[in-house]
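Quick look at what TrEMBL lists:
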type	residues	note
DOMAIN	59-133	domain 'RRM'
DOMAIN	181-257	domain 'RRM'
DOMAIN	343-417	domain 'RRM'
DOMAIN	460-534	domain 'RRM'
């Protein structure tokens, strides 16, 4: 489950809407057709090899390409979010396993989910498909260890004490203390929002409350389930997993708190049982559509969710709020595009009279750290822009394609180029190519930076920060009106260091951001401008 919101099993890129629809991708046929494998080398139990994922659904799943040292607990944890796991057979020498779920429906949900989101164990992709077997008949004497682990995990899952007489060393089965988890995110190179956490953790039960905060320069969260058992399952399945490829690693512990007190529903905290809470002064309020989805969702909270964790997987979408928020905001980039994707964008239909490398650097810099910009010498209405990584280029493309810049609707696509070439020494290219690699204006250099949590689509409302005490509302209104637009509304935050300012149109706001981000307001204060999701 490494890469929870990212890659696809067979290398097909899919948008977030497809991620949630969960259509099955047929996997590359395995080369195991007709091969006979035996349980623990004992020939009296023969399992024919599987060769298709798109075969008839079965509650028995065949899992391939397992890392050598993987444990039964880790394999069982793959199935837990989707329903009860009733049997397991590990074929250690073959790096394979068979996993039996209680119902075919649970198995179908699991295969659909993992066809959209490649499961990983110990940082290796693994492959899951339906087995030709309708049930697993295992020789219990040979399969004792697996059975013991299964019983212990099931005992935790049904909130009973572990069965007496099963001595299991797996740490997975210590009884849960608290329904509240403390989550720390390591290597946070991409934004992890409250909605993303809700989407991931809802697979294990109803999430009641989440509070996010930054402590010791690390993004952290407290997350409360209705039942300690759900917290236990989530910790078992997710601790140490990566949200995106090779980064944003979840570190999960039980909190000493048993209940969270949430005062506001906004970007930083949320109580899903109380959609009526205020958003707090100066904080963006909840989008009305999401608030409505919450209201629907609260009716779910009375269900004995522990019994049906699979029902809350992103595929079944009763928690439409989280799924809609993560998909609509699109601000986690596109599922299916790994961090290593194409970093260079081709931007066309630019206003060639007005556009400069600096203006493109400023606008695209809202969504990532722009490294180089080249306006094409023979086609000055087009430019190549190199971002720091594939996730950033994807974010910029998602948010800026189709927006208006200098009066023209720009087109943004992924370029076939891997890098933007700088002109040869001594060659004058009229300032069309610029290297911004060492720019002090990069917004995302610091891992865990608050900027990761404030990436929004272009909007008429701008968020201003780093305002010196001597600058008044009138000064800022005049400054922004001078960019050629109309200032419709203005509101200082309590501390006067930040404000929201609304232009008449999104196009005017884009222009104002290009002109005034990093504008020197005096007293060594350079204005910071970004798009906001609030309205005034």
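Each position is counted from 1, following the chain as shown.
Every residue, even glycine, has its Cβ placed from backbone N, Cα and C.
Secondary structure by DSSP for the domain 'RRM' (181-257): 22 helix, 34 strand, 21 coil.
In the domain 'RRM' (59-133), the DSSP tally of helix, strand and coil residues is 27 helix, 26 strand, 22 coil. On the 0 to 100 pLDDT scale, the model's mean across the domain 'RRM' (59-133) is 87. Taking DSSP states H, G and I as helix and E and B as strand, the domain 'RRM' (343-417) has 19 helix, 24 strand, 32 coil. Under DSSP, residues within the domain 'RRM' (460-534) fall into helix, strand and coil as 20 helix, 22 strand, 33 coil.
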